[in-house]
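Here it is, the structure in full.
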């Protein structure tokens, strides 16, 4: 509103200077008097607007105020929920299934680091062999570590960190191999940070037995061993919707990958046995229609038919 008033006043001044001059001094004086009145009025309006904005400081997502951060890397990106007058971050940690490191970089994904400036960014599905990691992936101000699958163009995880890790491990356990690059663990002075891309059970649930009886128990044990040493933060694409509130159509998806009873039970075990907290549900236990995945089919994103 202040900007609008000032622009209007500026245009009024130009009219006086550039328009036809009055033939009498009185008409000029009248215009100058009118101008002073307008200036006084606009100043009062500006002061009122400033006072209103001052009184609204601390309001989350106020329309007039700029958000704390704004990532417009991809269409549909949302501003931060926290305004700068509410909270300053102690630590900002983000996780993103990027669906291909090289495509992500080509499409401007690295702007997320510069615009959001997270302390840590956990990424999954890098789909890039170790010898094909592009030089651009190494971003100024960040340590970059990755765990690639043996098969190029498949799976893979990585971590960006402003702090240099004490140690990096790939895979789970001491003897388990890491052919799909699904886990990378970074050790820091006070905690472990894990980026994981949990196997999808696939069409027809062909990988459900592997996931249920091998992957889930091994990953759970990996976290238990870490937790004996120091606290852990687990991030990534966990390929499971834990409760019915976590997807739009639970009744028709009980035998769909990511929502089978077996996968959900194992996720419950993970939370209980490793003593982990589902941070989103801890903060928003009853929030519905909050999803992170939408199928490409049937315009699922536009209708918010998600998982």
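Cβ from N, Cα, C; glycine included.
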Out of 90, 97, 167, which is the one TrEMBL records at the Mg(2+) site of 125, 237, 239?
97
Within the chain of residue 237 (Mg(2+) binding site), which residues six or more apart in sequence place their C-beta under 8 angstroms from its C-beta?
95, 97, 124, 125, 196, 197, 198
When you tally the Cβ atoms that lie within 10 Å of each candidate's Cβ, which of the binding-site residues (97, 239) has the highest tally?
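Of 97, 239, the one with the most crowded Cβ is 239.
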Specify the count of other C-beta atoms within 10 Å of the C-beta of residue 125 (Mg(2+) binding site).
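That number is 23.
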